[in-house]
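Student: Below: one structure in structure tokens.
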Amino acid sequence: MVGGGSAELAPTAAVKIFSAGAAGCAAELVTLPLDTAKVRLQIQGESKPSLKGQRMKYRGVFATIFTMVQTEGPRSLYSGLVAGLHRQMGFASVRIGLYDTMKQFYTRGSENAGIGTRMLAGCTTGAMAVAFAQPTDVVKVRFQAQVRLPESNSVKRYSSTFDAYKTIARDEGIRGLWKGCLPNITRNAIVNCSELVTYDIIKELILKYDLMTDNMPCHFTAGFAAGFCTTIVASPVDVVKTRFMNSAPGMYSGAINCALTMLTKEGPTAFYKGFVPSFLRLGSWNIVMFMSYEQIKRAVMRFQQSRDSPL
């Protein structure tokens with residue numbers, strides 16, 4: 001990404017991978033309640049078609065958060081936190097940390113990457129991240145969708161994060177941990193492409209025309225733009241991914257069947273369920289992540305330089 005790093009020494013791929021993973025975890029901690037509300041809104045109505053006059057349990061992101069706190073307690077907003085942190089250490093470190101490396105790979109070392117090359121690099125690192133970190137996403141979604149009602153006698157689906165990994169592998173096979181991998185690869189390719197390319201281009205333009213310096217206001221603006229563009233593009237795939245990964249075995253024959261079922265039973269608006277929390281989540285996530293990423297990367301470089309400089 002443009003303008004990222006010390007003037008004396010460019011950050012290595014290892015520094016970027018570490019910084020991206022740490023920044024992803026920081027963003028996850030801040031925005032997980034919004035993501036949990038988004039998941040609840042997305043899966044609402046999947047078990048049966050909506051009836052006219054039927055009262056939905058969740059209406060709007062803040063009402064959903066309030067309802068969850070009131071009925072399940074504040075901890076419900078952080079369901080799947082451990083899996084979410086696992087996910088960011090795997091996903092963010094690869095898809096964001098290796099983005100510049102992939103750009104240079106496709107341009108054969110040149111610093112002048114066109115928009116096509118940037119999109120290809122974003123799609124590549126997004127798909128790579130899913131390839132080995134998909135189980136963390138499956139477990140995270142299952143926990144977020146799990147309703148915890150104190151007065152209910154229903155047994156919780158999973159007792160802990162590691163129990164979820166073990167139970168899914170035992171009951172659904174190893175393939176169960178990679179459930180929804182294809183729609184997730186599609187989603188992550190789109191999300192990664194939208195986030196990184198938008199951030200890269202907006203930041204580049206801001207610096208090119210001297211609108212801001214390469215500092216936190218610039219990172220905030222570029223991160224906000226990246227979150228907005230990504231939400232518009234990725235919401236339909238995100239809803240299908242969430243529905244399919246949370247579904248019981250045999251409920252859908254595949255991601256395409258899940259999408260067709262949603263379309264016939266709930267209409268096209270179902271693909272944009274949870275749009276507001278998706279935007280609040282992705283917008284705030286991108287702002288926190290990119291601002292953290294730039295600052296952590298610079299801090300690591302300063303530490304390395306102070307360590308290597310002679311006394």
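Each Cβ is built from the backbone N, Cα and C atoms, and glycine gets one as well.
Annotation comment: TrEMBL describes 11-105, 113-205, 214-299 as repeat 'Solcar'.
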Student: Could you put numbers on the helix, strand and coil content of the repeat 'Solcar' (214-299), residue by residue per DSSP?
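Tutor: Summed by class, the stretch gives 73 helix, 0 strand, 13 coil.
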Student: For the repeat 'Solcar' (11-105), DSSP counts of helix, strand and coil?
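Tutor: For the repeat 'Solcar' (11-105), the helix, strand and coil counts are 70 helix, 0 strand, 25 coil.
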Student: Over the span of the repeat 'Solcar' (113-205), how high is the average pLDDT in this prediction?
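Tutor: Reported value for the repeat 'Solcar' (113-205) is a mean pLDDT of 85.
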